[in-house]
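Now, the feature entries from Swiss-Prot:
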- 1-20: signal peptide (SIGNAL)
- 36: N-linked glycosylation site (CARBOHYD)
- 80-159: disulfide bond (DISULFID)
- 105: site 'Transition state stabilizer' (SITE)
- 109: active site, proton acceptor (ACT_SITE)
- 111-116: disulfide bond (DISULFID)
- 126: N-linked glycosylation site (CARBOHYD)
- 161: N-linked glycosylation site (CARBOHYD)
- 166-352: disulfide bond (DISULFID)
- 199: N-linked glycosylation site (CARBOHYD)
- 213: N-linked glycosylation site (CARBOHYD)
- 225: N-linked glycosylation site (CARBOHYD)
- 238: heme b binding site (BINDING)
- 245-264: disulfide bond (DISULFID)
- 263: N-linked glycosylation site (CARBOHYD)
């Protein structure tokens, strides 16, 4: 009798477990139908039963939970690259909002010196190679190199068999920074190459400086085939970010009318920063509003209002942010197309901070 009761108890336990399993299945089944009803309705001709449809939906949902690496590998080559770079840039800006402005500036400083060739990314090598990073316009100022290195590695890891230059990655990072900070996105075409050289002197002579008067600025932008309107639009990059006090808040570099805005220590150390407009983390038109009120921080910015033509563009952008954002995006596309110097040795770098050991990818 006891033996039979034991078997009966065991049987009842199995029944209870089975019923619990049915309940769990039903709850899961109903939840899946609720969340994927349209999928199941549309898919019914392809399944032997609704249960097999649920099983297929479960498989799809499991795939959704796979890593970003897996998802990116399902994209087209260009889409994979854009996704990989954007993930790194977004994380960097989330960690430090200022990084967005730094990446935009890094792209500008790359393209304005012998074209968009990734030259600014090359590290100095003691005694054998002098790059652009320690040229006065960039020394202790240009930043974001590590973000570009991380983005390059992300592309390598998640987009196998796709060769993308460091110059391309820098262009994408700048575009994504503009969008992340509230600006207008724009198309970035791929296909740039990386230079095997850099130009220390070119960084000093070709880049606009905070003490440049309007005539000098016009000449530097004209040398790159930019119009006056495009010059004023690109200056709008100063609507985000900060600059070193030692650079912008010294005599000759600062707009005298705005000098009281400089929030710097008496020693003007490199760690002292001055915001370039009153909303330094937002890609907006406040930079132009400040110029119209004679409150631009840098001398080179405020002189844009000293000429009737350039002052008119400042007013246009101050009056309508959408006009500024559209013109800025168009000017960035044009800048991103500046070609490397004629005769430059080019490649696709494996590591952005150094040239390849042998120029297997020379172009």
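Glycine is no exception: its Cβ is also placed from the backbone N, Cα and C atoms.
Features as recorded by Swiss-Prot, highlighted on the structure.
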residue: 105; record: site 'Transition state stabilizer'; contacts (Cβ under 8 Å, 6+ apart): 142, 237, 241
residue: 109; record: active site, proton acceptor; contacts (Cβ under 8 Å, 6+ apart): 120, 132, 137, 138, 142, 203, 207
residue: 111; record: disulfide bond; contacts (Cβ under 8 Å, 6+ apart): 335, 336, 338
residue: 126; record: N-linked glycosylation site; contacts (Cβ under 8 Å, 6+ apart): none
residue: 166; record: disulfide bond; contacts (Cβ under 8 Å, 6+ apart): 118, 121, 148, 152, 194, 349, 352
residue: 225; record: N-linked glycosylation site; contacts (Cβ under 8 Å, 6+ apart): none
residue: 263; record: N-linked glycosylation site; contacts (Cβ under 8 Å, 6+ apart): 245, 274
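Listed disulfide-bonded residues: 80, 264. The one with the lowest count of other Cβ atoms within 10 Å of its Cβ is 264.
Neighbour density around each Cβ, counted as other Cβ atoms within 10 Å, peaks among the disulfide-bonded residues 116, 159, 245, 352 at 116. Nearest Cα neighbour of the residue listed as 'heme b binding site' among the listed recorded positions (80, 159, 199, 264): 264. Ranking the glycosylation sites 161, 199, 213 by how many other Cβ atoms lie within 10 angstroms of each Cβ puts 161 at the bottom.
In the shown protein chains, 25 other C-beta atoms lie within 10 A of the C-beta of residue 238 (heme b binding site). Of 80, 159, 161, 199, 213, all annotated as recorded positions, the residue with the shortest Cα distance to residue 264 (disulfide bond) is 213. You'll find the Cα of residue 161 (N-linked glycosylation site) roughly 11 Å from the Cα of residue 80 (disulfide bond).
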